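As annotated by Swiss-Prot, Ca(2+) 1 binding site applies to 51, 53, 55, 57, 59, 62. Positions annotated as Ca(2+) 2 binding site by Swiss-Prot, on the basis of sequence analysis: 90, 92, 94, 96, 101. The feature domain 'EF-hand 1' is assigned by Swiss-Prot to 38-73. Feature annotation from Swiss-Prot assigns domain 'EF-hand 2' to 77-108; the stated evidence is sequence analysis. Feature annotation from Swiss-Prot assigns N-acetylalanine to 1; the stated evidence is experimental evidence.
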């Protein structure tokens, strides 16, 4: 899904680093997969992949399955991880993450 945007080896390393429940850290993950250093356009492409229902927002249920966008058999995030991730990205408090919020979160 991220072909041409991210490197497979980087994705594998990032997923390996957060395999254990409650070990997911969005900043570390974005850095490891190489998203932090990507152009705004590439970050928007990543957003479009994660926004599975194409609503223009990443909702809590999509965040829970965030890792599965990178590898189909990756684990779901725990409720705690999902809520922390949402809180970090949802700067306007509407309960979901828009593309500008996502870009800011990746680049933070």
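Including glycine, each Cβ sits where the backbone N, Cα and C put it.
Annotated pair residue 53 (Ca(2+) 1 binding site) and residue 92 (Ca(2+) 2 binding site), C-alpha to C-alpha distance, rounded: 21 Å. Cα-Cα distance from residue 101 (Ca(2+) 2 binding site) to residue 57 (Ca(2+) 1 binding site): 9 Å (rounded to the nearest whole number). For the recorded Ca(2+) 2 site, residues 90, 92, 94, 96, 101 set the reference point as the centre of their Cβ atoms, and the other residues of that chain within 8 Å of it by Cβ are 57, 89, 91, 93, 95, 97, 98. The Cα atom of residue 62 (Ca(2+) 1 binding site) lies nearest to that of 96, taking the recorded positions 1, 90, 92, 94, 96 as the candidates. Taking Cβ pairs closer than 8 Å, the domain 'EF-hand 1' (38-73) reaches residues 1-2, 5-6, 11-12, 14-15, 18, 24, 79, 82-83, 85-86, 89, 95-99, 102-103, 106-107 in its own chain, all 6 or more past its ends. Cα spacing between residue 90 (Ca(2+) 2 binding site) and residue 55 (Ca(2+) 1 binding site): 15 Å, rounded to the nearest whole number. The Cα atom of residue 55 (Ca(2+) 1 binding site) lies nearest to that of 96, taking the recorded positions 1, 92, 94, 96 as the candidates.
In the three-state DSSP scheme, residue 96 (Ca(2+) 2 binding site) falls into the coil class.
Here residue 59 (Ca(2+) 1 binding site) comes close to 53, 95, 96: these same-chain residues lie at least six apart in sequence, with C-beta atoms under 8 angstroms from its C-beta. Residue 55 (Ca(2+) 1 binding site) falls outside any helix or strand according to DSSP and counts as coil.
For the domain 'EF-hand 1' (38-73), the mean pLDDT of the prediction comes to 97. In sequence order, 52, 54, 56, 58, 96 are the residues of the same chain, not among 51, 53, 55, 57, 59, 62, whose CB sits within 8 A of the CB centroid for the Ca(2+) 1 site.
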